[in-house]
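Below is one structure, written out as structure tokens, with a few remarks after it.
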Amino acid sequence: MNPNYRNFALWAIIALLLVALFNLFQSPAQRASSREIPYSQFIEDVSGGRVKSVTITGPRIVGNYADNNATFQTYSPSDANLISRLEEKNVAITAKPESDGSGSLFGILLSWLPMILILGVWIFFMRQMQGGSRGAMGFGKSKAKLLTEAHGRVTFQDVAGVDEAKEDLEEIVEFLRDPQKFQRLGGKIPRGVLLVGPPGTGKTLLARSVAGEANVPFFTISGSDFVEMFVGVGASRVRDMFEQAKKNSPCIIFIDEIDAVGRHRGAGLGGGNDEREQTLNQLLVEMDGFEANENIILIAATNRPDVLDPALLRPGRFDRQVVVPNPDVSGREQILKVHVRNVPLAPNVDLKVLARGTPGFSGADLMNLVNEAALMTARRNKRLVTMQEFEDAKDKIMMGAERRSSAMTQAEKELTAYHESGHAIVAMNVAAADPVHKATIIPRGRALGMVMQLPEGDKYSMSYKWMVSRLAIMMGGRIAEELKFGKENITSGASSDIEQATKLARAMVTRWGFSEKLGYVAYGENQEEVFLGHSVSRTQNVSESTAQLIDAEVRELIDNAYAEARQILTDKHDAWVAIAEGLLEYETLSGEEIKQLIAGQKPNRDTGDDSPSSRGSGVPKAGASRKKPDAEPEAGQDMKPEPQA
């Protein structure tokens, strides 16, 4: 039944009940068209012979006039002479006993009706709050949703770039298709599979593809759906979810973001009862209570496996952990092929080049890249998505959207151009650095300008040479301002460079053992989080003298980088100025155009395309890295200069 019609019918029934209730409370005399008169007038009318008949019920008198048979009513006090007066005037008298109706069916209904109405309204609102189909006491019902083919079947063909993860899950599919194949040999399929990986790598899609390949029911629920304000609701929902799964076995239960309910126990700071721990305990019991013939497999996803309770990860519960990392070059190309199936591409689109230019991108990032390129094509009134749109979309995702409406004075543009030119020329002359992909003084995101470097491939670690070169590159912007405009005119635009350089240098000294004086020892504060139950407060585990030595080593690394960058800018003065002047003229320069300017040549610009984003956006030979797998994010790998102050 249509919900709108159902709601209309419900309110119509309520209105009819209210009308009926109003009529029930009205007496027959009140429902009749009677006029109430004072008792003194009633006596006067009786004395004048104008009253034809009366009906007496207790103190109430209802009568009719003799001339027009009109009805009236009145209430009489204790008058002993009333009957004699009526008899003298030949008034027809009818007497009825006064009754409260408590013993009749009407009286019983009338006394219970308000309570029935209140109970009905309460049930109605409880059903509305609980989703309409779980009843008034449905708090403990599971919120797991059953996905079938009607919701869109997903198979392994829709998943690309994670071949190793798919291989690990093929056994799950085989077990769901033919469980006897394993059971007759004494083998046991993993009862639980934990998908671990960064956000956007396709963990949920992998779980759905397993259900699609095995063609079994797929229950999905979020870890946060188990926890409510009421005590015991989470445990009840866990029990109800597994009851539903048993009725639909063989099936798959998928819990997304299981770290919301599966964190370490005993980490609560309060003294009260922890509802989340009760929910986790019930989940542990249900997982360990599986029987071999139930054919229920639990798949969970998280990007924080370090915070999960050890009891949840032991064999017998989550037997297998499947790592779903960011895809490599080949994987990115496969993912791009999946996402461009329904996108009309121009002949110049090379997915291999795009894949090389996007290391560190997850599957979700690549999907967003294709979508942004399609949207740009539509805005430019084109019919085919070209390589130019993909490059512009990549720059938008990596560097932020262009803010051409941001008004910069000529002095600010000049200062920004020399700042970014300093970064670029140092990056092109240090011992080890990623190639420069693009330099721009067009405001993007929160920055007024930036230099984007592209690694030549996927990176999984950093060398000492690369890190000290990185420190020099970060110092290039501040030194360029100082050499061009004087020390008294430098700005706060290098604040992000200085902060990232400090983080990188401190990590080199305290974490990675790149200091001969400190040796191969890890120093620093205890940074364990409170919810892990390890430490409520942070404690310093180095002495005062060691802390001073750490600061001195960090300072030495940065000072050496500063000196190296200053020497490069001094030796390459002409090239540095040429890049800055090119930025002032063109606003955006590609890596190839920067090389042309250094060689004394003018950039080859295609004037056929007048779109703002087309200027200086060449197709790179190498890729851009927003985030490198397994590299420390606090090490300051990505240089994103802050806006010039």
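Each residue, glycine too, has its Cβ placed from N, Cα and C.
Checking the candidates Asp319, Asp328, Asp497 against TrEMBL: the one annotated together with His419, His423 at the Zn(2+) site is Asp497. Neighbours of Gly202 (ATP binding site) among the recorded positions His419, Glu420, His423, Asp497, defined as a Cα within 10 Å of its Cα, are absent: none qualifies.
Counting only the Cα atoms, the space from Pro198 (ATP binding site) to Asp497 (Zn(2+) binding site) is about 26 angstrom.
Counting every protein chain shown, 11 other Cβ atoms lie within 10 Å of the Cβ of Pro199 (ATP binding site).
Annotation for Gly197 (ATP binding site): spatial neighbours Lys203, Ala301, Asn303, Val323, Val324, Pro325, Asn326, criterion Cβ-Cβ under 8 Å with sequence separation of six or more. Taking each of the binding-site residues Pro198, Gly200, Gly202 in turn and counting other Cβ atoms within 10 Å of its Cβ gives the largest count for Gly202. The shortest Cα-Cα distance between Thr204 (ATP binding site) and any of the binding-site residues His419, His423, Asp497 is the one to Asp497. Looking only at the domain 'AAA+ ATPase' (189-328), the predicted model's pLDDT averages out at 78.
According to DSSP, the secondary structure content of the domain 'AAA+ ATPase' (189-328) in residues is 55 helix, 29 strand, 56 coil.
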